[in-house]
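As recorded in Swiss-Prot, the features of this protein are as follows:
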type    : residues           : note
BINDING : 570, 574, 672, 676 : Zn(2+) binding site
């Protein structure tokens, strides 16, 4: 019975018994206490706790679930998985044990022809909580289960909770006896490999408190009603009904496992560590595909870290299995094909899923080999003892190894890791990074000098720039080369602290004001303004004339044109942010920005590239609002009041109790301390010029505003006019005209490539005739020259020769393509049986070329950096064949 049919029967059975079918929620938990959905009941948690009234008295679902506490056991046992489906039926104060137990028994034992799962009653066992006599009595008296197949267990096994504060209760688990071939008898208390848990009935009636161990945690009291929460693992049920040994061999997992075996040249079922790795890869790929589909992207924190860890475990496992090229794309494609019938959105989101998976694999693949070598060297240094925290830190910082991966690899080698030392170094790195960022903002002076200046000032610098463009101020401090001085003279770089200023200090993505500080004897040209400490604004510049002294009065005057240009950019950023939220949803949250004169960039969260059509809609939306000349206003209010009014706060930003809210008409409201124009009409025009990725799940647009945008559009118009003249076509026909030219060019290139390959394949008869007999094998080891030589051409020629020479063929070809040497090897079935492997031959040849390579036993490819060694590489490969079979 296919997994989809098992799920369909589940939902149909309970729907007929007045349960409402509820679709699965995404894996991302809407729960502050959990990263992911870890149980089928989790979406219903508020109803169990009485926090909200249940919309229905009964419900049923097939819920996607992700659990990683037992990640190290995945692939090693027959039952552990990270991603799986939990079939559940739920009662919110409607029925309890007396109904839940018979319903479960009915579905399990009803014949397949009648819509059930057709379990033989004598193969089923149950466990109940130690003192749950009521459940035991129902199993025996109502269902008719013999007493000797009802076993009792303690809190650790038969009292269920999610592991965090929330609903909990005693449970009764149903087990299937797979037979004596899976081990000793005696029921689930004796052997959980033979007796496989298929269904857990939780009698949800208590509230769990925080803390405590799995077998002893606090119970705060009873829930408002007695509820039922049951969970049947779809994958475990499929293993039983499909007659396979474990959950990795069912219809929704085995295709992925087989693809991993195919990509690595392995054969599943031979036992040993490779089987474990193949099972682990199959499981993790399922989880990866579903996580990315549900919006998770790789990162170093929380959900993203879990995804990254899963991905990097797959990459490493595939490499250990023999893969030398990226494989994630094909593995994920297999998972998408498997699950699309149940989840059509996978097909729609395929390109986004591929992009995330391929990008993360490429990132890790580039450092994996070097990182593994570094790890092995560290293990040798440890001498079977402890891998230092410093070594683990280097693996993390330089090679991208999550600490969990290092711990796993170390355990395989029988080595422990100094985790405490590693975490101390990580904390130190974060501290230094924070200080470096602050130092970049603070310039030459250290923080002690700034603290002294702030203490001397005695109060925050008064910022007048929201309403003033110039004004008198008193010099309260001067710093030269990081030290406080009483005066600074012409030619010196100086940092000036004033008691009040119209200059805006860089912050919130807005670049600082420029301008001048004029005094009786001269002036200072200000080219940077920073706020190294809260309330302390520092003006940096060069004394152009005269000598400035502490206590002197200056006229602080900003560059008004620059301020206006930056303000236009800042207002434009707010508008673009709001428009992206309109077209992409609230997930398009601001992740950073830079507002400069005439241009701005805006970073926002989004799992994939924004389609050009959406960029066009965003651009049209904001420019339309410029024509409406909306008023831009600022208002100071309490933070809670601002958020309640709908104002958007930037994620990760810290705000005080009093905040400044910028409103653009009634359309946009954001918390912001920057400067803005009074009306949107002042912006003129906004033009988005690019959209790109700056990290997993984060996109960046670059845009122009005002005259800069106009000049860009004018240049574009000139270019279009020139192209139209060159191609003798109207502007609106240019895309089709250019597309036609490119198509013809591609066709010509394909024909040229065919001619090159044909010329190269014409060498096959000559090379075949020149074969060498080595122990009965037909060996062609040759250098190939000509303008058709490249990796593709050599692969075609090697394949052709192998077909010509039959099972005894051993073909090694090398040449120079684009100044770099390439080597390929192809081996026939008879030669394979005699121990000749293409990967080993390529390895020998590539070593002479100063490089490396790999592939399948019957076909492999490599390269190097030394084209002068091609002949030597071919000879070395021939010698290797002779050594093997000669």
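Using N, Cα and C of the backbone, Cβ positions are placed for all residues, glycine too.
Recorded features from Swiss-Prot, shown on the structure.
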| residue | record | Cβ neighbours (10 Å) |
| --- | --- | --- |
| 570 | Zn(2+) binding site | 24 |
| 574 | Zn(2+) binding site | 27 |
| 672 | Zn(2+) binding site | 24 |
| 676 | Zn(2+) binding site | 26 |
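Sequence-ordered, the extra residues of this chain that approach the Zn(2+) site, with Cβ no more than 8 Å from the Cβ center of 570, 574, 672, 676, are 567, 571, 573, 595, 632, 662, 670, 674, 675. Secondary structure at residue 676 (Zn(2+) binding site), taken from DSSP and collapsed to helix, strand or coil, is coil.
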